Amino acid sequence: MLRRRMGYSDPSSGKDILGNRSLCFIFICAFGLVTLLQQILYGKNYIKRYLENYDGSFEYNSTACRELRQEIMDVKVLTINMVNRKNQGHGCPPSLYKSLCLSARVKTSDLFERWRNLQVCRWEQNKEETSNFKMSLSRCCNAPSFLFTTKRNTPAGTKLRYEVDTSGILPITTEVFKMFPDDMPYSKSQYKKCAVIGNGGIIKNSKCGKEIDSADFVFRCNIPPINDKYSADVGTKTDLVTINPSIITERFQKLEKWRRPFYEVLQNYENSSVVLPAFYNTRNTDVSFRVKYMLDDFDSQRGVFFFHPQYLLNVQRFWAVQGVRAKRLSSGLMLVTAALEMCEEVHLYGFWAFPMNPSGIFITHHYYDNVKPRPGFHAMPHEIFNFIHMHTRGIINVHTGQCT
């Protein structure tokens, strides 16, 4: 009677109200359900792969790592799937129709999951894949000869056609010709290890600064901040930095008055060279030339180069075949393309095109602010998707986590 009042079950009654047998049965059912879900979500080799990874088989050519790489290569999303107009009204503005909505439709969370899984595998350059890719770039683009306009590839008297304003032609006068270097300052595979630094929020708190600064050559995009506040993550070494003329127009009043502040910003990059798309369209030319004139007035020895418009046009066509179709390729993609011809091994930091990192945590658009790009101008998700595939193939090493 006392046991009944206190709520205890009577062992002799044969009943087991949430006793050991019931709990054991619930546990077995739960385990079976989880196992079934794992099989459905991750394939028949999930348990085998998990155990293999648990044992520490993280070498590039291990069975587990080959399977993980293949899982990413099997994702053919951003280049072949299109969003139909019915989905246009579900929270995505028309201007983002082909990029952000597209990436949502193809379940970036699944791509993130596969990318996270791959991080247990040590990256290793695939010499054959890299060589073949570089040969393709050499045939179409040839950065060692045509990355910049030079006295060699653009003689005086040339009628230079703009990249976008194809009806516009700039006669290369003696004055313009004098601004060009005699020849390309870089050669094929001149540097062993190069780092291309994007400005994405993915690099924040990465502690990759020392690793970046150890590279033989460092590329940066659009004069980003590299002061003490950020240097632990992004480093300070800079050998070549791009400058978008819109930055000069918006932040430095086209250098009509703000010449000294702009000069002081460039001093943060020590002796790095700068490159501008002076011949992208007719509006860019004058402000780009002012950078050269301003540095000459300050007796600066800093190299000032201008992208060759035909090189950029060829790069645009090359990546269009890879599925990156946009009004304009990002500065980062242009630099990665050049680095692949200039360097034996290319490492990417700060490249990410999504509002969340691979773990699903929200991040800022840039590591220094959260200002979004102009909608519909770049095709960043497509660019990053190609980088992930290239990482998987052993062509470039994309860093999205913390550096050790």
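Glycine is treated like the rest: Cβ placed from N, Cα and C.
For C343, the disulfide partner named by TrEMBL among C121, C140, C141, C194 is C194. Counting only same-chain residues six or more apart in sequence, the Cβ atoms lying under 8 angstroms from the Cβ of C194 (disulfide bond) belong to A215, D216, F217, V218, F219, A339, M342, C343, E345, V346, H347. Counting every protein chain shown, 25 other Cβ atoms lie within 10 Å of the Cβ of C343 (disulfide bond).
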